[in-house]
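Listed features, source TrEMBL:
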- A:48-67: domain '4Fe-4S ferredoxin-type' (DOMAIN)
- A:108-137: domain '4Fe-4S ferredoxin-type' (DOMAIN)
- A:139-168: domain '4Fe-4S ferredoxin-type' (DOMAIN)
- A:169-198: domain '4Fe-4S ferredoxin-type' (DOMAIN)
Amino acid sequence: MITRRALLANGAKVAVGTVYGGTLVGFLTGCGSSDDAETPIVEVIPGGLMVVNPILCVGCRRCEIACSWSHGKSAVSPSTSRIKVAKNLNFGPHGVQPNYQDQRGEQGDSTIVPSTCRQCDVCMTVCPQKAITVNEETGARVVNDDLCVGCGYCADKCPQQVITIDKTTRKSLKCDLCEGSPNCAQVCPTGAIKFYTWEDAVAEVELHEKYLELV
Amino acid sequence: MTTTYGGWAGYILRVNLTTKVITKETTETYHDYIGGMGIGYKVLWDDHVDGIKATDAENQLVISAGPLSGSGAICSARTTITSRNPVIRNHLITDGHFGGHFSPELKFAGYDAIIIEGKSETPVWLKIVDDTVTLEPADSLWGVGIFDTFASISKLMGQQAQIAAIGPSGEHLVAQSTIQTQGGHSAGGHGAVLGSKKLKAIGIIGTGTVDIAESTTNEQLRELDDHILGIIGANNNGVVPNQPQSWAEYSSTGSRWRGGPGVTWGAADNPVDVGETPWDDRQKVGMRTSMAEMYFGRDEANKIFKRPGGCHSCPIRCFCEVKNPKMKTEYNLPTENITNVCLGFLDPWYAMGKPSSGEKRTDIQTVGAYYMDDNGIWSAYGQLSHLMREFTARGFWEIILPAEEYAAINWAQYADLDAHFMQDFYTRIAYSEDYPGSNILGRCLGRGLHEFINEDGELYNVEDILNEVESPRMAELTFELESDANYDLVGKTYSVFLDKNMKVFNRSMVGGVHHASESAGQVGALLNTVFNRDPQCHSHINLINCGLPHAKIAEVAASLWGEGAFDPVQHYTAMNTSKAKFAKWCLVKNVLHDSLTLCNWMFPLVVSPDANRDYIGDSSIEAQMFSLVTGIETSEAELDAMAESVLQLHRALTVLQMNEIDQRNKHDVLSEWVYDLDHDKNFGDEGTIKMDRDDIQIGLDMFYAEMGWDKDTGVPTRATLEKFKLGYVADKLESLALLPA
């Protein structure tokens, strides 16, 4: 059995065009995985994922706004944003704890840990309409609105809980990497959110994961 | 909502705490008043009741957002709170504001404002989850500090809730109390109003959207966002760096663009070296301000500064998230983290006598900020701390306080600059009569200076005032310091209007100085006469403290308001009409921002860091934002006219509440020290901020003329009120003999 740490320690990298599975991809995508490294989970294709560095995030939520602005109807809201800051903003990823002052969040140690889509396959796999497919150019898993019926399976199963169903249109709202030029990253005033290729993402994801844990 | 406007959510909640009835009404009634402050003033005008106190059940409190809140427009997340204010003489109306994420959440829930009226018999909190609005019992929250209140309500609602609350200070009807949201965002002076109504907190979850006008495209919003980022500076719109940087033509130590080489987010888990912060690096905008070194000194800041913080949709980040482990280890607090800005850190420091930078100052500011915020205490722009510091320096407390109380206060801690003093100090203020013993100190500091002085600024016997004695004795305090000799004051009866260290600027309202004559001569002085509390106006500061050379600033000022609008600081020339136009512009923009609700600490942006634009900004950005978000094509002049209407209403409501037509002599009056300081200098000499009595009277003449106010009384004329669609206001004032002939 290869553990994630062992894999990383061995200098394993994720290369485009290769089918990877097991702990490394599970780690990168946040999908969770079996410890059976032989089980393929995801085929790595061009593109990558958005990750926020919690040390640099200053909680302005301009990324949420830019996401709202850049998709369809001009209606600004965290609920229509594909990146989620609010849910971890005040008290961190685990909500109010008895020692909330020591936990993450604005009311805790002031660390803010926004959640982003890791472009894993879970939503695509669970969609009964086959409405989510891979954009071969960007690598993003994207929703086909013509097929989406708003059942919410993708949102329920999303490991990062960053998919929502638009209350008005009843369509799934999922990060599509803005066709290769993510708006959230462009408006971040500290460079906290960045697009990482699969090859570059390991250290950033590891840092992010550290801040999701209870302190 | 029956229109297709963007921006406004469409509804206002009216919450009657006496009857427990909660109703919705349309926001369209208030569209002419923009939003925010405009809604607040219109509601209080419509429902005016003569002679009531701020803490009476008949008083209303309005919490309002503007059409830009939540739209994503840059720096648009202010929340305005409007009500009669117990800190102000005659409990006149004021508007306070906090930032954070509250008003966007209110908009996402579907509301532009909440009108709170009546009074509950038992403690309650208001729960808003979109369309579901309920009053919940708050018995278990009453007496709880603000931080734990936030946590308790978040646990009940879900942690995404945005919450505003009062602390023990508001509960005890302490006039100097705040309403606060997330971290240290606080609005000053109205905590006691909510306390009197037994409303502990408001929690909101909004899952809806702020809709943008259908005629506006996403690309237009992004384009405007980019345009603003190309001309916005740092905090208070400093547009040059504080220290030289390789990309910068200019630098100025007066600029709040503090982020640069040598600045480190040293308390971050992996310290961040800020390095150079070029104006066109959009991914370093949030690092420019790095204000901690202004409050703590660079060495301390580099140790304790974790990151900057601030409000929804703002890239500038003026708040300082700091980590001082000693808060836990030495001061027994439950946290080592604190976030705040400006007086949130400075008030404790002022109160303790302004020690120089170092660990003692850091401890005072972080520990003090914790106790101020957890108790919900308002500094009144430093008046609280100025009073504490000045009376201590003069030995007045030993005279004022009963011997037993004086002996019980740890003055040795105070003298030793020991931050442990902060716990007892702020607890005395917050708990007022419920603090053990006589607590004259806390009750006096918490009540507001205006209660304790006569028309000449001389102090009554404090205990007589607190005991509501009908004919209170005088305190019989005299000027005795060596420094008083320079002003021929030794042996004379002490007056807060003569004491330049007390910084009472507007003597009628007893308001503290806030960017007045020390910043912009008569311009600052005039705009400090109009509001009922310190004006919280940074319209002028965003130009004059931008850091550009004076010649450039004077050129911009001349282009906007005429030659001679802006003198070099501390080298003032006589009053002229350009300055009157400048002062009016400042107030109009201030009211505009408090109505939109946009940050007046950042906007207007009349200058920029862009040398290619010759450092010129764009004063029409607010109108561009308003037009895109609402879909109502509105020019800068048209939007300013709407804001001026709110400003005229503000003045008229003050006339109505005071039942006083003579605003010139009963409201717009400056303290003596403003004219008498620097005894060895005359008005106009280089190096002094002193004003001249006759010159200020000329200033009022010119300013009233610009405002369309009657020269003798300073009250808006009928013609002016009708010009701004306020004929009904003129009718009411006329019926009460409060309208100029």
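Quick reminder: no glycine exception, Cβ is built from N, Cα and C everywhere.
Quick caveat, the model's predicted, so the values are computed rather than measured.
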Surrounding residues of the domain '4Fe-4S ferredoxin-type' (A:48-67) on its own chain - C-beta under 8 Å, 6+ positions past either end | 28-29, 76, 78, 80-86, 89, 104, 106, 111-114, 116-119, 139, 175, 177, 182-198, 200-201, 204-205, 207-208, 211
Whole-number mean pLDDT, the domain '4Fe-4S ferredoxin-type' (A:48-67), equals 95
Mind tallying the domain '4Fe-4S ferredoxin-type' (A:139-168) by DSSP state, helix then strand then coil?
-> 5 helix, 5 strand, 20 coil
In DSSP terms, the domain '4Fe-4S ferredoxin-type' (A:169-198) comprises 9 helix, 7 strand, 14 coil
